[in-house]
C-alpha cells in the first residue's frame, strides 16, 4: 500500500483534532482533540520511519507517547481543579480574563 | 593648566551633587542647598579655567576631546562616550554653569520656606549636569543622552510643586510635547546611522559629501522637529507658557537661559548638515520667523507676568532660529543673541520672581502697579534687562538683534526683504509688550489686592539679578568688540560667501532704533497715560481675544495631535475586539455550517484563541508556499 | 535494521542541566518528607543553592565546545553557553520572588472559598511545590537552548512547559482567574506543541534525519520533497512563535500574564523568552539557514505585525500586567528581527537583548507585586496614579525599567535595540529597521504615559499602597536595576564578550 495514504490519514486526523479544539466546549473533549493531533503526529512519524527505512521516527513516537502521558497528568490536574471551583468543565465559562 | 582629562568633572561635579543629595535624604536638609551651589560653582570655575586655557592655544588646537569609554560597539559601528570642548561648547558651558550658579544662589532665598528645598537643589544640579552633557557630547548619541536628561530634570523641576494640579498638568504637557521633538531627534540619529554609519559630529561632517541631498534634507527636517520641541518653536510651542507654573528660578534657568536654547545649539552644531540641505535650512528660517511673530503677539495680550516673559522667550528664540537658518552668515549671531538673551531674560525672570515674592505670589500684572518705589533694586535690574531686550543701544540686545536684522536683510532677494521686515516688525512688537510689562508692573498707580505689602527682596536674591544685569549691559559690547565672538566661532563653520551688503549696516541700525521708538511710544500711549483696570476688560477686539488664547494653539494641538492619536488607538482596539475575534469566529462557523452560527458567536475565548493560532498556522503555511512558488 | 549503539554522555558538559534536575528531585523528596514548618526555607535554600552550583558547573565548561555531548542530541557551543548563563542568572534573580509565599494558594487543589481552603489557610500551610516545579522548568529551558535534534527539542519544550502550566494556577488571590490562566495556557500550549510535533514529523520525513545538522545537509542537498520541508518549517515555527508570543500566536500571553501569580509571571516572561528565542536562534541559524529565502519573508511579516500590534494595543491597556504582556509581545517582534537578520551581529544582538530584556522584566514584575491594597495586588493602572508621591523610590525604579523597555539611552534597552536594529540593517532589511524604530517610538509613548500617570497625577485615595518589600524582593529589584543600568552605561565589555563567545557549532 502506498505509504502516502497514511500521511493523508494523519493529516486528516490532525485536521479533525484542530477543528475539534476550535469547536468543542468541554475542556476534556478539547484535550482529547489535542491528543488526537499528537497521535496524528505519531502516525506521521511512523509512516516516515517506514518510508525512510530507519527507526528514528518510531523512537520519536515512543517519546511522544511518554510526553503525551505527562501532559495528561498535568492537564487533568488543571481541569479537575477548575471543575471543583466552577462545577463546570466548559472552557467558555472560563473567560474572566479578557481585553 | 587644565587638560582634557578634567572635562568629565564639568559634568561630574553637579551630577555628584544631585546623586549625593538625593541619597543623603533629610540628613542633608540643613546644608544641601549650599552643597549644590558649591558643586555648580565648581563647575563654573573649572569651565573658566578651560576657557582661559583655550584662549592660550592656537586656533587649530582649541577643540579638545576626552574619551571616557567605548559605549556601544557592534561590528564596524562604534560609539564612544566622549566629551568635546570646542569654541562653541565652551560658550554654553560658561553660560550654563554661570547662570546656573547665580540661580542656585537666588533659589537659596527664594525656596527658603519650602520643606523640600534640598530635593529642589538636587534637581537643579541634575539639570545643570544634563545640560552640560548635552553641549559637551561629541556625537548625536551623547547629545541625546543629555537631551533626555534635561527633559527629565525639567519635568521634575516644573512639577516640583506638584501638589497643585495646574503644575502637574503643565509638567505633563511639556512631557508630551517634548516627546514629539525627541522622536525627531531619534529619527535623525537613525538616518545618520543608516546612511553614514556614524553618529559623531566629526563623522557626520565628513560624511556629508558622500550622501545625497534628500537624505540630508530629511535629517535636517528631523533635527528641526527636535529643535522645535525643545525650544518651543512653531508648531510645538504650546508647552512653554504652561510650564511657567513651575517655581520662578526654574523658569529663569530652563525657560530662558539654557534648555530652551538647546534647539538653537542643535541646529548650529549641525551646521554642516543644514549648509548642504537648503530646503531644510529654508524651513528653519520659516519656523523661526513664524514663532518670532507668534510669540510676540501672544506676549502683547498676557496679563500673567511670567507668561508674558515666556511668550517673549519664544519670540526671541525665533530670532535665534532665524539667524541659525541663514547659514554661515548667521550662526555666530544666533549664538550671540542666545548668550545675551541668556543674561537679560534670566535676569528678568528672576526680577519677576522677586516681584512675586513681594506680592504674595501674585502673577497678574493688572494687580501690580507703582512698584518702582517699593522695589528699587528689582526695578533697576529688571529695567536694564528691559532696555537690553528691546534693543536700546548700547545694551546687549541691541548688538545681537541688530546683527540678526542686518543679516536677514542681506540674505538677498525677496527672502531678505520679507525676513528683514519680519524681524523689524518683531522688534516693534517686542518693544511694545515689554514696555507694557514694565509700565504695568513698576509704574502707574498701585492696583494691589488688600493685605499685600510689597517689599524689596533680600540680598541673596537681588545679587544674582544685579550680576545678570551687568551682563545685559555689557555683553553685547564685549562680543562685538572687534567681532570677537564671530572670530572666536568662525573655525567651526563654513566660510561665509562674499555677498553684497544690500542694506548698509547703519541704515539697519536706524531702522531698528526707529522700530523700538514706535513700539515703546505705542505702549506708553496705551498704558502709561491711561488708567489700567485691575480686572481684565472683556469688550476687546477679536485679535486680542485670540492672542489671549495663545492664538488658539491648544485647539490646534488638540485637532492636530491628540484627536488622531486617540482615534487611532481606539480604532486599533476596536479592530482587535471585533474584527479579529469576529473573523476568527466566522471561520469556525463556516466550517460547520450556518445553522449553529448564532451559538458559535457566543463562544468563549480559549476557542477563539485556538482558532487564531490555527488561522496563523495556515497563513504561515500559505505564505511560505507562495514564496516558494 | 541498525545496531544499537551505547550512548556516550559528556557528564561534565551536561552538569548544569543535571544539577538542576537533581535539585528538583531533592525538592520533591523534601516536599514528601520534611516537616511543614521547615519546608519553605529549606526549599528556597535548596533552589538557590542548586542554581548557584549549576552556574558554577556551567562556568567550568567555558571554552570547551562539542556537538557530541549526548551523541548528536545536545550541542554545547558559545551561543548555548551564553544562553544557559542568561537563563540561570535570570532564574536566580526571579526565584527569590517566590519566597513571598503569601502570594500563593495555600491549597491549590481545593475549591476557592471551600472549607478545605480555609483550613489550609488557618493552618498557615504554604505551597512549596513551586520550587521543584520552577527547577524542572529551568532544566527544560537549559536543555531547550542546546538541543540539536528534534526529539530532544520536543522533550525539552514539554519539560519547560508543563511545570509552567501548573505554576500559572497557583495564585492565592483571584483564584478563579489564576486557574483560568492555567487552563488557557495549558490548552493553547498543548495545541501549539501538537503543531510543533507535526512539524517535527515532516522535517524528519523530509531529511531522513532528526539532527539539525542532518536537516541542514538535506536542505543543501535539495533532492528531497520540498512540500515536506515547507510544512515542517511552518509548523515548527508555530510552536516556537507561540512560546515567544509573536502575533498571531500571542493571544494567551495577556491573559496568562494577568492571571498567573506575579512572581511566576516574572519568571515565565523573562526566562521562557530567553529559552524559546535561544532554541529558535539555533534551529533557524543551524538547521534552516540554507532555506532562508523561503522563510525570511514570512518571518519578517510576523515580526512587523508583532512589533506594531504589540506597541499599539499596549497603549489602550488599563492593567499593568496586561500592559507588560503586550510590551513583551512588541519585544518579541524586535527580537525576531535578530533572527531574521541571520548574521553574526544578529546572533550577538539577540543574545544581548534577551538577557537585558529578561533582567528588566523580572524587576518590573517584582515591583508590580509590591503595589497592593488590603485584598491583594493592585494591577489596575488608574490606581497607580500618584504612586510617585507615596513611594518615590519604587516609582522611580519602575519608571527606570519602563524607560528601559522604551529604549531610552543609558539603559540596557537602548543598547539592545540599537544592536538589534543595526544587525537588521546590516542584513539589508530596511523594512524591519523602519518599522522597528517607528513602533519603538509608539511604544515609548505608552511607557511614558504610565510614568506621567505615576508622577504627575494626583493619587486616588482608595488604600492602594506599596508594601514594604521583603529582603528577597528587594534583592531582586536592586539586582535587576543594577544590571540594567550597567548594561546601559558600560555595555561594551558585555557586548565584546558576547561577540567573542557567541557562535553555533554546526
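Quick reminder: no glycine exception, Cβ is built from N, Cα and C everywhere.
Whatever TrEMBL says is automated annotation, not expert-curated.
Feature annotation from TrEMBL assigns domain 'NADH-Ubiquinone oxidoreductase (complex I) chain 5 N-terminal' to B:71-121.
Residues annotated as domain 'NADH:quinone oxidoreductase/Mrp antiporter transmembrane' in TrEMBL: B:139-423.
Under the heading transmembrane segment, TrEMBL lists B:6-24 (among others).
Annotation comment: TrEMBL describes B:31-53 (among others) as transmembrane segment.
If you look up TrEMBL, you'll see B:87-108 (among others) marked as transmembrane segment. Long-range neighbours of the transmembrane segment (B:87-108) within the same chain, counting only residues 6 or more positions beyond its ends whose Cβ lies under 8 Å from a Cβ of the stretch, are 10, 14, 33-34, 36-37, 40-41, 43-44, 47-48, 50-51, 54, 62-63, 117, 120-121, 124, 127-128, 131-132, 135-136, 247, 249, 252-253, 257-258, 265, 268-269, 335, 338-339, 342-343, 346, 350, 353, 460-461, 463-465, 467-468, 485, 488-489, 491-492.
Sequence-distant contacts of the transmembrane segment (B:120-137) (same chain, at least 6 residues past either end, Cβ-Cβ under 8 Å): 7, 10-15, 17-18, 21-22, 32-33, 35-37, 39-40, 43, 82-85, 89, 92-93, 96-97, 100, 103-104, 107, 111, 114, 143-147, 149-150, 152-154, 156-157, 160, 247, 249-250, 253-254, 258-259, 262, 265. The transmembrane segment annotation in TrEMBL covers B:120-137 (among others).
What TrEMBL lists as transmembrane segment is B:183-199 (among others).
According to TrEMBL, the feature transmembrane segment maps to B:211-229 (among others).
For the transmembrane segment (B:250-268), same-chain residues at least 6 beyond its ends with a Cβ under 8 Å from one of its own Cβ atoms are 88, 92, 95-96, 99-100, 103, 106, 124, 127, 131, 134-135, 143, 147, 150, 154, 157-158, 160, 181, 185, 223-224, 226-233, 240, 243-244, 274, 284, 306, 309-310, 313, 317, 320-321, 324-325, 331, 334-335, 338, 341-343, 345-346, 348-350, 353. According to TrEMBL, the transmembrane segment annotation covers B:250-268 (among others).
The transmembrane segment feature in TrEMBL is assigned to B:280-301 (among others).
Using a Cβ-Cβ cut-off under 8 Å and counting only residues 6 or more beyond its ends in the same chain, the transmembrane segment (B:377-396) has close neighbours at 312, 316, 340-341, 343-345, 347-348, 350-352, 354-355, 358, 371, 402, 427, 430-431, 434-435, 437-438, 441-442, 456-457, 462, 465-466, 468-469, 471-477, 509, 512-513, 516, 519-520. Sequence annotations record features per position, and here TrEMBL assigns transmembrane segment to B:377-396 (among others).
The transmembrane segment annotation in TrEMBL covers B:460-482 (among others).
Taken from TrEMBL, the feature transmembrane segment covers B:502-524 (among others).
Annotated transmembrane segment per TrEMBL: B:609-628 (among others), in sequence order.
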Please work out the mean pLDDT for the residues of the domain 'NADH-Ubiquinone oxidoreductase (complex I) chain 5 N-terminal' (B:71-121). 83
Residue counts (helix, strand, coil, in that order) that DSSP gives for the domain 'NADH-Ubiquinone oxidoreductase (complex I) chain 5 N-terminal' (B:71-121): 29 helix, 13 strand, 9 coil
Below 8 Å between Cβ atoms, which of the listed ranges B:6-24, B:183-199, B:280-301, B:460-482, B:609-628 makes the most pairs with the transmembrane segment (B:211-229)? B:183-199
